[in-house]
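Notes follow once the structure below has been shown.
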Amino acid sequence: YGKQLVVRHEQHTFYFIVCSCWGCTDIICCVLFMAVILGYIAVGILAWLFGDPRHVLYPRNSTGWFCGIEPNEGRPNLFYFDILKCATSVNVMATALNGLQCPTTQVCVDNCPDQFWAVRFQSYLINVKPADVFNQSLCVPSIDLETTTKTVKEIVDMELCPFFYMPTTSGVADLISFRARSPTQLVLVFVFNRDIVNGFNAREIGVRIFEDFATSWPWILVGLLIAMVVSMLFLLLLRFTAPVMVWVLIIGVLGAGAYGIWHCYWEYDNYKQLSATITDIGFTTNLNVYLQVQETWLAFLIIISVAEAIILLTIIFLRTRILIAIALIQESSKAISHMMSSMLYPLVTFVLLLVCVAYWGATALYLATSGGPIYKVVALNSTVDDCSSINGTVDCDPQGFNSSDYPGCPLASCIFIKYNDEGLFQRNLFNLQIYNAVAFLWCVNFVIALGQCTLAGAFASYYWAFTKPDDIPMFPLSASFIRSLRYHVGSLAFGALILTLVQIARMILEYIDHKTRAAQNPCARFILCCMKCCLWCLEKFIKFLNRNAYIMIAIYGKNFCVSAKNAFLLLMRNVVRVVVLDKVTDLLLFFGKLLVVAGVGILSFFFFSGRILLPGHTFRSETLNYYWMPIITVVFGSYLIAHGFFSVYNMCVDTLFLCFLEDLERNDGSLQKPYFMSKNLMKILNKSNKAQKKVKGED
C-alpha cells in the first residue's frame, strides 16, 4: 500500500517500505462504462420529456380526461356503460382497427355501483323524465338529466347514460382501465374481474394488513433489532466458538453415521430368520415390503459403512487444513471486531441498488408511456353503409367530439385506438427499453463489485498490518472505497460487463424456451435444458472468479485480467484448502443463519400470537387481523439482516484466505520476508518468524 512498515525485534527496529505503483486500471472499459452511464442518463431525460406515466397510473374516460385528477378530482374510478363489450367486441376491434379499447362509453365516478339495475321496458313506451330513470353521477357530464329534451331511448342509444349496471368494486375499474397490449390480455382481465365481483375484495384485505402493520410496527422493529444483535454477536463470538462448533458438527456427523450402522445391523439381524429375498418379491411400488427383507438392510449397512469410512479418512487426512480453516475463521472474527463499520457497508450497497432499481423502473415506465394516445371515429355497431368510409379512418379529439358532426352515423363515437408510434423516438422505444435493461444489469453488477472490492481492500489492510492493530490504517473502509473509485472503476466495470453478458444470454435462452415450449419435442427440450444448465454454471463460475479477482485488485492494484489469472492460479495451487475452507465456512454460516432466523421467528410467533405477554405495554395480539403478517415480516427481515452481516463475514474469510496463500508463497519468515499471518496459523503450519510479531491481546 506504499507505506512504511515497522518491525521491532528485541532491541532492534527494522523498516520495510512496501511500494506499489497505484494507477488507473482498465481505462478503456472505464471510458466505455462512463459513456454508457451518460447514455443512460440521456435515455432517462428523453423518457421523462416524452413519457407520461399518468397513462398507467390513472384510468381515462371516453373524453380523454384522467380520473382522479384535474377536472375529475374526487372521481378516481372508471365506470363502463356496457362492460360486456370489452369481451364481445375485442376481436372486431383488433381485426378492424388494430386497437384494444372497449367500444363503450366510460365515465369517471366517485363510487362504483353496488347493486343491479336496468332500464325498465315501460320507460321506452311512456313519457318518463330521464332524471327519474337514470343516476346523474353515472352519466356523461355533458348531459343534464333535469333540463335535457332527449327521451330515455335516445339517451340509451347515444350511450349518454348506461342501460344497465351491476355491482362492481374499485378493483375492477383499476384492472381493466389500462390499455391492453393484446386481445387475449383484455379478455383474461375481464374474466378475472368477474371473479373479483363474486366476492374477493383485495382492497379490504390490504386495509386490514395495513392496520396490522400500523399497530405492530414498533415490535417488528424490535424483532429486527434482535436479529441484528444476534447476528453480530454470533460473528464476533466465532473467534472463541468456531473450533467447538466445527468439531461438534463433525463429531455429530460421525455419530449419526455410527448410529445408522448400528441400526442397519440391528434390522439385518432381526430379519435374519426370514427366507424371503428381493428376487422373490420382485418389483413393487410398496416400498415398505423391501424394508422387511434382510438384503435391503445389508445393502444399507454396506453403503453407510463405506460412507462413514470415507468421511473418517477424509477428516484424518485433512485435519491440518480443517485447523487452518478454523484459524482463518477466528482471524476473520478478529478483523471484523477491529472494523465494526464494515458490518454496516451492506446498507451502502442496498441504497445504491435501490437507486439503480428506482431509476430503471422510472425509465421503463416513462418509455412505455411515450407517445400520445390516438383516437378515431368508430361506429362498430352501426349498420349504416355510410359509416364504413369513416370507421376507424378519421382522427378525433375525445374532449371536443360530437356525434352530430357525422349525421350519417348516429352511433359514432371517439375511442382510443393505440399510442402514437410515429417519429424517431417512438420507433426506437423497443431498442431503448433493451438499452435500459442492459445498462441496469451492468450498473447492478458494478455496485456489487464495488462493495466486494471495498471490503476486500479493508480486510487486506488488516492482514498485511504487521503489528495488529497498531499498523492498521485509519478508516480502512473509507480509504478502500475511495481507492476503488479512484483507480479501479474500469476493472470493476470489466468484471461486471462479463457477468452482464452471461446474464443476458441466460435471459435470451429463457425467452426462446418460453416462446417455443408448445412446439418443442423431447430432443429440443433436452438441448435447451443442457444449454440453460451450462449457462447457469458459467454464471456461477464468473461470479466466483470475479469475487477473487476483486480481492487481488484490492491487494495489488493490477488490472482485471491479470488479477483474475493470478487469483485463479493461486486457488488452483491450493484447491484442497479452498474446498475445505469453503465447506467449513458455509456450514458455520448456514447454522448461523438458521439460528438467527429460527430463533427470532419462534420468538415473534410466541409474541404476536399472544403466548408471551409483556407487563406494562398496550399491545395485544387480539387487535391484529392477521397475526402471521408481522411474523412473516420479522422472519423475512431477519433473513435479510443475517444475510447482509454474513456476506461481509464471508468476504472477510475469502480475503484473508487469499492473503494467507500469498503470504505463504511470497514470504519465508526471514527478517527480509517475515510472515504476516497470526501466531495460531504459524503454529499449525510449524512456521515462525525470526522477527517476532507483536499483536495486542496475544502472549
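In case you wondered, yes, glycine gets a Cβ from its N, Cα and C as well.
For reference, TrEMBL has these:
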{"type": "TRANSMEM", "residues": "21-50", "note": "transmembrane segment"}
{"type": "TRANSMEM", "residues": "217-237", "note": "transmembrane segment"}
{"type": "TRANSMEM", "residues": "244-262", "note": "transmembrane segment"}
{"type": "TRANSMEM", "residues": "297-318", "note": "transmembrane segment"}
{"type": "TRANSMEM", "residues": "344-368", "note": "transmembrane segment"}
{"type": "TRANSMEM", "residues": "439-464", "note": "transmembrane segment"}
{"type": "TRANSMEM", "residues": "485-504", "note": "transmembrane segment"}
{"type": "TRANSMEM", "residues": "549-570", "note": "transmembrane segment"}
{"type": "TRANSMEM", "residues": "590-614", "note": "transmembrane segment"}
{"type": "TRANSMEM", "residues": "626-649", "note": "transmembrane segment"}
Contact call for the transmembrane segment (485-504) and the transmembrane segment (297-318): at least 3 Cβ pairs under 8 Å, seq gap 6+: no
Cβ contacts under 8 Å made by the transmembrane segment (21-50) with residues that lie 6+ beyond its boundaries: 2, 359, 362-363, 366-367, 370-371, 425-426, 432, 435-436, 439, 442-443, 446, 483, 486-491, 493-494, 497, 553, 557-560
Candidate ranges 217-237, 439-464, 626-649 - greatest C-beta contact count to the transmembrane segment (549-570) (under 8 angstroms): 439-464
Top partner of the transmembrane segment (590-614) among 244-262, 344-368, 439-464, 626-649 - counted as Cβ pairs under 8 Å: 626-649
Any contact, the transmembrane segment (344-368) to the transmembrane segment (244-262), with at least 3 Cβ pairs under 8 A: no
Spatial neighbours of the transmembrane segment (217-237) far in sequence, C-beta under 8 Å, 6+ residues away: 333, 336-337, 343, 592, 595-597, 599-600, 603-604, 607-608, 619, 630, 633-634, 637-638, 641-642, 645-646, 649
